[in-house]
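Accompanying notes for the structure given below.
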Amino acid sequence: MRKTLAWIMGAGSFLGLASSTLANGWNMPAGVTDVSREIYSLHMTIFWICVVIGIVVFGVMFYSLFRYRRSRGAKSANFHENTSVEVVWTAVPLLILVGMALPATATLKRMYDASEADLDVMVTGQQWRWHYEYLGENVSFTSSLSTPRSQINGEEEKGENYLLDVDQPLVLPVGRKVRFLMTSDDVIHSWWVPDLAVKQDSIPGFVNENWVRIEEPGIYRGQCAELCGKDHAFMPVVVRALEGDEFDSWLAERRKEAEAEASGVDREWSMDELMERGEQVYGAICATCHQPDGSGAEPTFPALAGNEALLNDRDRHIDVVLNGVSGTPMAAFRSNLNPVELAAVITYERNAWGNESGDVVQPSEIQALLEQ
Amino acid sequence: MASNLPPKPTLEHSTTTSGGLAHEHHERPRGMLRWLLTTNHKEIGTLYLIFSLTMFFIGGIFALVVRAELFQPGLQLVQPEFFNQMTTMHGLIMVFGAVMPAFVGLANWMVPLQVGAPDMALPRLNNFSFWLLPVAFTLLLSTLLMPGGGPNFGWTFYAPLSTTYAPPSTTFFILSLHMAGISSILGAINIIATILNLRAPGMRLMDMPLFVWTWLITAFLLIAVMPILAGVITMMLMDINFGTSFFNAAGGGDPVLFQHLFWFFGHPEVYIMILPAFGIVSAIIPTFARKPLFGYASMVYATASIAILSFLVWAHHMFVVGLPLVAELFFMFTTMLIAVPTGVKVFNWIATLFQGSITFETAMLFALAFVVLFSIGGFSGLMLAIAPADFQYHDTYFVVAHFHYVLVPGAIFAIMAGVYYWLPKWTGHYPDERLGRWHFWMSVIGVNLTFFPMHFSGLAGMPRRIPDYALQFADFNMVSSVGALMFGVSQLLFVWGVIKCVRGGEKAPAKAWEGAEDLEWSVPSPAPLHTFDTPPDFKPVTH
């Protein structure tokens, strides 16, 4: 009796688990674009074809296993060939496949037509964040994970969008065709948002194309899909889709900010201003490899705290940050960060965690180097 | 169920032998040296199988570390750096250390016995091919202890993550893979030479058991693609150590070229791990259905077609790297085409069962589970072939579910079926059926609990190779982890069953299974060290 009860409770909790899981989604999302819905319907069609074939094939198999058991007195027949049956079960699957290939081909052709886009966005993968540039709009920014480390390490309760939140989402207009140009600064990444049915590898040295026309405003979340090193799990993609006019005003706002930032290059910055700005940049860009306390992770990522070689050679430090170190994971940041951010982060690295060089690197100095 | 099994054939037949049996004609070294220097196909086969089982457990422990970390969201047990080493090593060890050597071990034992040959054609080479493996894998495992850790770029080691951005130990990883590759090529040459030259008089190619046929085709695949693997890892070696830029975009190289080369090796490699499994299952199902295999000839042609097609489908692993439209279409069509010969095989097995006289010994249970669960892996494979849908499936847990279905209840179940099937021949004792059934049911339940939920987590959007995940995937992952632990622990029953069978048990006659027809069942059980010193009198069975 007690055993039965335990079984019932076990089964009950299993069902409870299963239903809560199903409510959370267990199938491909149909998504919010024409293409994503076409893909979803291809997926469901091929799925049901497999289910029907499975029922027929396994049905015959289990019937045979049951009906022709030796313990039931079955005597074996001796046939081992039948040409017409063999022709049929070769030809029928072939026909099913042709029937499946036709709609798949049509969808694929649509997916490959990235022409006549209203907006071009350059997506650059970097270990471990995404850089977005609205081509021709003078707006670009970096988007990285904003889930706090304390949630990951279990010191704090995990939020609703755990690991799927970023500091600055990619903002896109609804109803316009947006073309993505995908590339990478270091290893291969893959930009993926399930609701948009866009997954495209971003590969160093290549520029891949894909496109989307979002139909509903909303927030769409995804992740990097290609293993790209230690923080592969921690570079989410968040897309915020706005109505056309809202998007236009957002873009205009960002353009104004970019112009304001550019004018900051010419003025003299104080040590405190640079340190404050540098700490932000360091936390968002550098800390994943060189660690928040500058201790690095030998042998791949050198320590910055107490790094005599860098502290004694200011020019070398600037060169490394601007141009990277070839043959190592250290990327060139000259085009990813603006002169203010570059100057601030170098100043920060030379004066934080007990590095007391006292050096100040001014944005104007970086600007001059970049123009050389 | 035990009572439903038929009486075992009586021992009277056990003295029947065909072909001459050699006497102990030379002094053999004893102790360790015997194993180090042996050139006997049975002993080398045993070495391969023991090696493979060891690797299976090491790779399995790595998998359990992965599953333990994924039991719930957040980072609890390991850091991402180590997690990536575990996923990578799990894949490398299982593919190159467990599955491939297990099939070579079975080939060593059974190919000479099934074709009526006294030994492998090149016995000393055979010894060398085996002993390369322990060296290669000791080196590979030792990279985990090196500064910067072991390989952490996935078993597919895509450049430039595996070159410019790789840990310093990568050079040792390359060397170990080179050694494993040489071992495979030499083993393949040996198997081909044995099959083509040492068949019993009167045995035509189309008289060979299917296990021999599938291995012949597999061996040709190995010779064709292992050199490509060797080439691609040598290019990595040059990029890492000699300043070339084959795969480094900054130096004018091409990271996508790496993937083309890798998968031109990698896709045939996938079939290298499944074709011999088809052969094993094609031996077991007729035996326990007591009915000849349905469509022998079409089985051979289907195997050959799959092997040829395997060279034309590699880029279906690369649907989202930005291939041109025509390439996407070509690889989608060729990939879908593979479903046809694969389907033929499944239909043939089922037609063999139809109107048979079926019993359910452990070997048969594993073979039947193979047919069902491998087919499920085939279905998801068909879904993955649909290129537009693959933009959603690619690099998710749906793919992980797919290839584990074809590799675990596919390749590995077939290997286990083969072990239970041939154990009486190897040891002279029947395996314990009760223990076998426990092992079987625990494995089947464990495997499905582990891998079936991965279909759902993948479709719902969970990428593969991540140590931490968003909250909506938590339930599926918990079930997978519980299943993995169950599957892992139940493999101890397998080891127990094998050891028990080696040490004793019900004595098996030469023809241990009533319905078994091939030549190996004409020599005594256990098979003496030397068999078929004079060729057997071979009479073709009706295929």
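Each Cβ is built from the backbone N, Cα and C atoms, and glycine gets one as well.
Features of the protein shown, as given by TrEMBL:
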type: DOMAIN; residues: A:18-115; note: domain 'Cytochrome oxidase subunit II transmembrane region profile'
type: DOMAIN; residues: A:116-253; note: domain 'Cytochrome oxidase subunit II copper A binding'
type: DOMAIN; residues: A:273-353; note: domain 'Cytochrome c'
type: SIGNAL; residues: A:1-23; note: signal peptide
type: TRANSMEM; residues: A:39-66; note: transmembrane segment
type: TRANSMEM; residues: A:87-106; note: transmembrane segment
By DSSP, what is the split of the domain 'Cytochrome c' (A:273-353) into helix, strand and coil residues?
45 helix, 2 strand, 34 coil
Can you give the mean pLDDT for the domain 'Cytochrome c' (A:273-353), rounded to a whole number?
86
Using DSSP, what is the helix/strand/coil residue split across the domain 'Cytochrome oxidase subunit II copper A binding' (A:116-253)?
20 helix, 61 strand, 57 coil
Using DSSP, tally how many residues of the domain 'Cytochrome oxidase subunit II transmembrane region profile' (A:18-115) sit in helix, strand and coil.
72 helix, 1 strand, 25 coil
